[in-house]
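Colleague: First the structure, which I've put down as structure tokens, then a few questions once you've had a look.
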Amino acid sequence: MIGSKPVFLFSRYLNLQIVKAMVLVGLAYYFGALVAIHQTITPEGIAILWPPNAILLAAFLIYPKHYLPFVAIAGIIAELVASIPAFPVWAAICFAIINIASVSLAAFFIRRKSGQNFNFKNLKNGACFLFFAPFLSASFAGLSGAIVYVLMGRTDTSYINLWQLWWFGDALAMLVLTPLIVVLWRWLQAGQPHFKLHYLLEALILWTAVIVIGYQSFTVETYEKAFLFFTPIWLVLLGILAAIRLGVVGAAATVALITVFAVEHLMRGTHPIIVNTPQNAVWLTQEYLAIIAVVSIGLAMLIQEISDQRDVLKQHENALKAQNQFLEERVNERTLALKEVNQALQKANERLAKSAATDELTGIPNRRHFLGEVQRELQRLRLDGQTASAIMIDLDHFKQVNDNLGHEAGDLVLCNIVEPITSAIRPRDLFGRMGGEEFLVFLSGADHELANTVAERIRAEIESLEVLYRNQKINVTASLGVAQWDGRSHLDELFHQADKALYQAKNRGRNQVASLTQSDSDSNDRPSHENHFELP
């Protein structure tokens, strides 16, 4: 039971998806080794590039973390199957350990520095990959692998050369194949986005140019014999163009295509490089392909990073615009709400001002407001040299209405006489309630004769008025006193004269108009009815 526990744990984490990944990586690793043996090793036994480690590194970068132990097992098995027919068992085991360890080391540091979901999307990731994979991992594998070759008794090549051959072949494969596999895998993970027609046409034209120029440049013996100066330098320019126009995917594919041409012609021994040994030709070709890979894919990553940053800035700009629009809408809402509140407040203030200036019962100006308006009008008339008159109105026997019918009936009468008085005066004339049943009319620009005419009209209107209260008709009359302003006296003096004229109308029997000018004698003063019209 104890021994079955590791098996249980192993089977617990092993599922169909992981098995598929193991099979895919194992087959790719094995066939990569076969291709390397038959297509990338020169007749002198020099490996131009070694694809298996590049394939395994790509798998370590694209699969989830819990897949990696199983992927490593698949790589070890594939390495042993590919190496045992050609090497001693102990050497094949050493090669498997070296390759898996070096790739695991590179993947560990790359994922640690660049994140678990690695992709060739910016220069930071590219630099991290370049340092930990082609430089560090491949160099470590070369140092270890060269020792195995020495132990196997290979004395035709020095340890340093063995290390360099392993390092360059491993590093070049990582530079060429790993980016291509990773970006294609991420592209498939993204849902296979459709390429636009112009993108496909540009790729077709560019790769056709790579094929034509590659054939011309790698089949000549020397640069001097190159047709139309078609030298390998043109392929560098095409790699740069691919980075600019086709992105990381197009640049990686272009680099892979150039590598196929270079390796295939180097295997045949046809190349324009003048060297004394095949080994130097391989090294120079590896350096040439490494430069194309670094420049093209690096430039593509830089352009992609700038494009991504531009997209992010655009998103932020759109978000900022949306936020500004939202804030503007909120400000407009608040402004509108504030405007409505201000309007409501203004209306409330107007109502308060009107309430403060209006008699609550009759709705006409109260004493305070009326006297203020008259005072301002007198100042204007005094400056213009115009005249004015005042009419004091008092309802006759109004106390009897309140005593016999109640104050409700009296209030109804007071409200009903406003209309007759208003209809009898001009729109510019001032009309207010002084208190109780007393009213005042100020006639701007009216002489004594006009004031008497208006007063008589008011008296007649009131006399003809019938107020209906609880099916009972109420008839009232009014006494009116008229006084003309002399253009110099104060407001209280004018109204005092009108009040004296009113007293005369009362003494003469009521329901009539009496008038005085300020030049009349004051012998008819009635102290009991004296009014003081003080301004507020």
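Indices start at 1 and increase along the chain as displayed.
Keep in mind that glycine also has a Cβ here, set from the backbone N, Cα and C atoms.
As listed in TrEMBL for this protein:
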- 299-358: coiled coil (COILED)
- 510-521: compositional bias 'Polar residues' (COMPBIAS)
- 523-536: compositional bias 'Basic and acidic residues' (COMPBIAS)
- 386-518: domain 'GGDEF' (DOMAIN)
- 509-536: region 'Disordered' (REGION)
- 21-39: transmembrane segment (TRANSMEM)
- 45-62: transmembrane segment (TRANSMEM)
- 67-84: transmembrane segment (TRANSMEM)
- 90-110: transmembrane segment (TRANSMEM)
- 130-152: transmembrane segment (TRANSMEM)
- 164-185: transmembrane segment (TRANSMEM)
- 197-215: transmembrane segment (TRANSMEM)
- 227-260: transmembrane segment (TRANSMEM)
- 281-303: transmembrane segment (TRANSMEM)
Colleague: For the domain 'GGDEF' (386-518), DSSP counts of helix, strand and coil?
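Modeller: So the counts come to 58 helix, 41 strand, 34 coil.
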Colleague: Of the stretches 45-62, 67-84, 227-260, which racks up the most C-beta pairs under 8 Å with the transmembrane segment (21-39)?
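Modeller: Stretch with the highest Cβ contact count: 67-84.
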Colleague: Under 8 angstroms for C-beta pairs, at least 3 of them, ignoring pairs fewer than 6 apart in sequence. Is the transmembrane segment (130-152) in contact with the transmembrane segment (197-215) by that rule?
Modeller: no
Colleague: Below 8 Å between Cβ atoms, which of the listed ranges 45-62, 90-110, 197-215, 281-303 makes the most pairs with the transmembrane segment (164-185)?
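Modeller: Result: 45-62.
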